Each structure stands twice: as structure tokens, then as C-alpha cells.
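Notes follow once the structure below has been shown.
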Amino acid sequence: MKVSYEALKQEFKRVLLARNVREDIAEECATMFADTTESGVYSHGVNRFPRFISQLEKGDIVPDAEPTKVLSLGAIEQWDAHQAIGNLTAKKMMDRAMEIADQFGIGVVALKNANHWMRGGGYGWQAAEKGYIGICWTNSIAVMPPWGAKECRIGTNPLIIAVPTTPITMVDMSCSMYSYGMLEVHRLAGRQTFVDAGFDDEGNLTRDPGTVEKNRRLLPMGFWKGSGLSIVLDMIATLLSNGLSVAEVTEEKDDEYCVSQIFIAIEVDRLIDGNTKDEKLNKIMDYVRTAERADPDVAIRLPGHEFTAIRAENKANGIPVDETVWEKIKSL
């Protein structure tokens with residue numbers, strides 16, 4: 001089914017207001033959920049909203065909380081989210097990283113006691129739209145086995161890197177082959193994943209999303225490489241924020257909250273003049289796109305370049321929403 005942007009946003013806002021979220025906060029939060037969904041990231045927009053509301057009702061999310069600065073060391077700052085709404089806080093933290101970068105050329109904000117930020121790519125995009133290189137990542141609850149293990153001990157720990165090209169080039173990836181949100185998208189669509197997503201109960205690689213959702217045996221991206229990347233991202237986020245690690249979130253909390261996050265903005269125009277920057281970026285993009293195709297009918301694309309077209313399509317023709325998800329939201 002298709003739903004208009006405004007209808008989606010108003011439904012999000014209705015549910016938030018019904019839970020006594022302040023009107024201005026409900027408006028901004030609903031807008032961010034609608035923007036994420038319109039951009040085609042359904043897994044962390046409309047599909048994620050019911051779980052977000054569940055955590056709000058349990059008290060994991062404190063809607064009136066505001067992040068506060070704990071420590072400033074020039075280009076690096078520590079902040080405490082106080083369990084505020086994740087996507088609103090993340091947006092503020094990337095804005096702050098850009099402000100610091102305006103002074104020092106680079107800005108780093110390390111955040112503790114944060115909630116799930118929903119679409120992490122939105123914050124990299126936020127920086128790149130204003131001409132900065134945007135880098136951010138978060139740790140999580142333990143939802144993936146380290147390489148060689150059966151038991152979940154590491155996070156998917158999404159990493160985002162966005163570069164101010166035209167259109168914006170952005171990698172937005174978890175350290176697993178698939179996030180749980182994308183597994184849900186495939187399951188709801190009744191299809192297998194395109195590549196192996198995890199292990200079945202016998203330890204064999206599988207593309208069945210439901211199996212991996214149930215047994216929690218996600219496949220790390222690049223096998224041992226994704227496992228290792230997850231671990232070091234967790235270490236850095238924990239140290240810079242003085243916040244909780246994956247191990248601590250998992251052992252001390254009953255759900256995924258009070259996570260640690262990093263936001264980095266780099267003012268690249270201080271390092272290279274505009275014309276040279278554009279020439280170099282266009283050279284890179286053209287060199288990649290003009291490689292001989294493995295399939296003549298399938299164009300080579302750069303990461304993130306699809307979002308502009310997806311958003312335009314959804315704006316013109318309505319946003320695809322799974323009927324069961326929509327009915328769930330309507331019932332909240």
C-alpha cells in the first residue's frame with residue numbers, strides 16, 4: 001500500500017501526542033521518522049516506529065530530556081544524552097560537530113546514555129549537505145556472535161561515512177551483512193536475502209531472514225573483518241564518550257538504550273580549494289562508474305546515490321508501507 005508523507009507524519013505525531021510527548025518534540029520526531037521513510041529507509045522509519053513507542057512506554061526513552069555537555073577539549077567534546085529521543089539528539093550532536101569543525105577544521109562529539117538513532121545515514125547526510133565530510137557510528141546491545149562464536153557478544157555497530165559530492169556519496173552500514181531491520185524488510189516481503197545473512201541452527205549459512213531473526217546468529221560483514229570492526233568501533237565509542245560498552249549495555253540494561261555514539265564533521269574546504277575538490281571527486285566517481293560492467297544491463301552505482309531518486313519517487317507517488325505495519329501503527 002502507499003501512504004502520503006503528510007498522512008504518515010500525522011499518524012506518527014498522533015501516537016506521540018497520545019503518550020504525552022510535548023507538541024514541539026512530537027512534531028520534530030514525527031518529521032524525522034517520516035523523512036527517513038520517504039527516503040526509502042523503511043527498516044529504520046515506519047517499520048521501527050512501533051518498537052520506538054514500546055521503549056517510550058517502558059521509560060527507556062525520556063522524551064523531555066535534553067543532552068548536556070560534560071567536557072570540552074578543543075575539537076573534542078563529551079555529551080550526555082540522558083536517554084533523550086535518539087534521532088533528535090543525534091541531529092543536534094552532528095550540528096554541534098559541524099560548529100566545532102568551523103573553529104578547528106574538525107569536530108568530534110562523543111555521546112553517552114543515548115538511544116537508538118534510527119537512520120544513522122541521516123546524520124552523515126546532514127553534514128555532507130552542508131559541505132562537510134560526516135562520519136558517525138554507534139554501539140548497540142549484543143546482537144551478533146563474534147567470528148567463530150555461537151553466542152551474541154558484539155553489536156552490529158552501524159558506521160556512516162558521507163562525502164559532499166553531487167549527489168552525496170555515503171556508506172551507511174552495520175557491521176553485519178544485514179541489519180535486523182533489513183531482515184524484517186525481506187521477511188515482510190516474503191523473500192530471501194540476496195546474499196547469506198547468517199547461520200541456521202545447524203551452523204550452515206542461510207538466506208532465510210526469519211531463521212536469523214529468531215536464532216540471532218547474524219553473519220558479520222566480511223566474516224572476521226566485520227567482527228573485528230565491530231569490536232574496535234565499540235572500544236572507541238566507549239572510551240571517547242566515557243559511556244557504556246556493548247558488554248555493559250547488554251548486561252546492565254533490559255533493552256537497547258544508554259548506548260554510546262560518535263559524531264565527526266570535517267570542514268574539507270579548509271584543506272583543498274573548491275574547484276580542485278570537485279575535480280578530484282568527479283574523477284573518482286567517473287572512474288568507478290565507467291568500469292566494464294559484469295552485467296551490461298546493470299549500471300555501476302556509487303553508495304548513497306540512489307536515495308535522491310527514491311525520495312523523489314516516493315514524494316510523487318506515495319510511500320510504500322507494509323499493511324501489517326501500518327495497521328499496527330494505527331492501533332497504537
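Cβ atoms are placed via backbone N, Cα and C, with glycine included.
According to Swiss-Prot, the protein carries these features:
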ACT_SITE  H44  active site, proton donor
BINDING   I168, T169, M170, V171, D172, M173, S174, W224, K225, G304, H305, E306  NAD(+) binding site
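Structural mapping of features recorded in Swiss-Prot.
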residue	record	DSSP (3 states)
H44	active site, proton donor	helix
I168	NAD(+) binding site	coil
S174	NAD(+) binding site	coil
K225	NAD(+) binding site	helix
H305	NAD(+) binding site	coil
Looking only at I168, T169, M170, V171, D172, M173, S174, W224, K225, G304, H305, E306, the residues listed as binding NAD(+), what is the longest Cα to Cα distance in Å? 29
Between the C-alpha atoms of the residue listed as 'active site, proton donor' and I168 (NAD(+) binding site), the distance in angstrom, to the nearest integer, is 20
Intrachain C-beta neighbours of S174 (NAD(+) binding site), sequence separation six or more, cut-off 8 angstroms: T156, N157, P158, L159, M221
Excluding its own, the Cβ atoms lying within 10 Å of the Cβ of D172 (NAD(+) binding site) add up to 23
Least surrounded, by Cβ count within 10 Å, of the binding-site residues I168, M170 is I168
Quiz question: given the recorded positions H44, K225, H305, which has the greatest number of C-beta atoms lying within 10 angstroms of its own C-beta? H44
